[in-house]
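TrEMBL has this to say about the protein:
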ACT_SITE  Cys442  active site, nucleophile
BINDING   Gln314, Glu364, Asn414  S-adenosyl-L-methionine binding site
DOMAIN    334-411  domain 'Methyltransferase'
Amino acid sequence: MYSLRCFLSRVGLFSKPGLLPWCARKPSDWSQPFWGTACKGNFSHGISKKCPRGQKSCEKPTYLGPLDGSWQERLADVVTPLWRLSYEEQLKVKFEAQKKILQRLESSLQMLNRVNGTITAPKSEGLCCLLHPVIPSPIINGYRNKSTFSVNQGPDGNPKTVGYYVGTWRDGNIVCVQPNHLKNIPQKHNQVAQYYEVFLRQSPMEPCLLFHEGGYWRELIVRTNNQGHTMAIIIFHPQELSQEELHIQKEAIKEFFIKGPGAVCDLTSLYFQECKMTRCSHQQSPYQLLFGESHIFEDLLGLKIRISPDAFFQINTAGAEMLYRTVGELSGVNSNTILLDICCGTGVIGLSLARHASQILGIELVEQAVEDARWTAAFNGITNCEFYTGRAETILPQLLKSKEDRQLIVAVVNPARAGLHYQVVQAIRNCRAIRTLVFVSCKPHGETTRNIIELCCPPNFAKKLLGEPFVLSRAVPVDLFPHTLHCELVLLFTR
């Protein structure tokens, strides 16, 4: 077992100033796998030139060795870098990381205070706000309800290996390692991945490793729920195949999982998507249901939630319940307030608080997720909600103008890692009816730091930040990702 203090020192929490372990400068003594590099040498790609349609690889793949413990440990160090620590020690690492974030933020806010006399909230331990202990995940192992598996050359040189990557594209040393040993992946996901690999190795069609080199079979996405239902999504590059040829491949994968060896996976549904880009939304390239149920359902906070193939849903269901309860407690919504749920996904935060608020307004970019939110509201008998599809920076300003003079608004934002668009921050800041803001961040640095400074800075006419500044008063870390360095941070702003 690693020494916790030694671990913290090695990732920079007790040594040189750094924001977080995963963005700190690489320590000279840290192992290469932790930083995403398998070894100093370069691995050759299994396919180096485009082959004729449907034929086997033109070059013999390079043999890199058997899938032994060393490869498994390398992958574990990349995907779950805290796996060697006890869970109590993991929570200490994450708490120290959150302190680092808030200390950095305190420095920025102090500069604003000295120059402009901005009001600040009560502090703890020299931080910009009160920092609560990390709320632990109720489930520590096998907690993921969604996993995305890649296809590429494995340690044995076979380009039809399904798993996770060790190495980097930049260094040209990518190796795909089967993730059977990873602590955060449930066995059902690994089972589907293993049988997808069986299918690929018996298929005459090549995998698509690099778009310009041809090939067809790509990623596998597996979604599961607490009832044991399983949705699998196959991503396929169609290249120049005709509709008839595509139909043959769809029937082959369908037959394999219904009547062939893959039937043991007992899939609830199988989807197929033709995608010529790194990632395609349902609008860009529709998910095609090959068999089974069109959606997967989950029970959460007393609601039955519908989840589409493309919809965002927190990957740790039990942890999500802790997260959403925390948001609800901090928000303080009541019958006199409107709850504004920005980047709402399938609408769970707003819908779970609907009985406490006068109205729920949700905004989400993904159309399928909005359809799920509306279905969930109707199924659960929730009538005081409206959901809007589109970009928040386009919808929010007009929506706030129509609601501002009616009653107080509590805003909840749960953006992607890129943070909030500037126009969203501007609209929230300039809306006098919003007195409370709950910010849920999965990457509480970078763009999120910029968002926080814009919310808390003095009025700035040049930037059109005219409203009264918010004050950051509380921060609550919630661990949805045991064995990894990631943690959700819930921030409460008031004014």
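Any Cβ shown, glycine's included, is placed from N, Cα and C.
What TrEMBL annotates, mapped onto the structure for a quick look.
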residue	record	Cβ within 10 Å
Gln314	S-adenosyl-L-methionine binding site	22
Glu364	S-adenosyl-L-methionine binding site	27
Asn414	S-adenosyl-L-methionine binding site	23
Cys442	active site, nucleophile	16
Distance from Cys442 (active site, nucleophile) back to Glu364 (S-adenosyl-L-methionine binding site), taken between C-alpha atoms, in Å: 17
Listed in sequence order, residues not in Gln314, Glu364, Asn414 with Cβ within 8 Å of the centre of the S-adenosyl-L-methionine site Cβ atoms: Phe312, Phe313, Cys343, Cys344, Gly345, Thr346, Val348, Ile349, Val440
Rounded Cα separation (Å) that holds between the residue listed as 'active site, nucleophile' and Asn414 (S-adenosyl-L-methionine binding site): 8
Helix-strand-coil residue split for the domain 'Methyltransferase' (334-411), DSSP-based: 30 helix, 21 strand, 27 coil
Taken over the domain 'Methyltransferase' (334-411), the model's mean pLDDT: 93
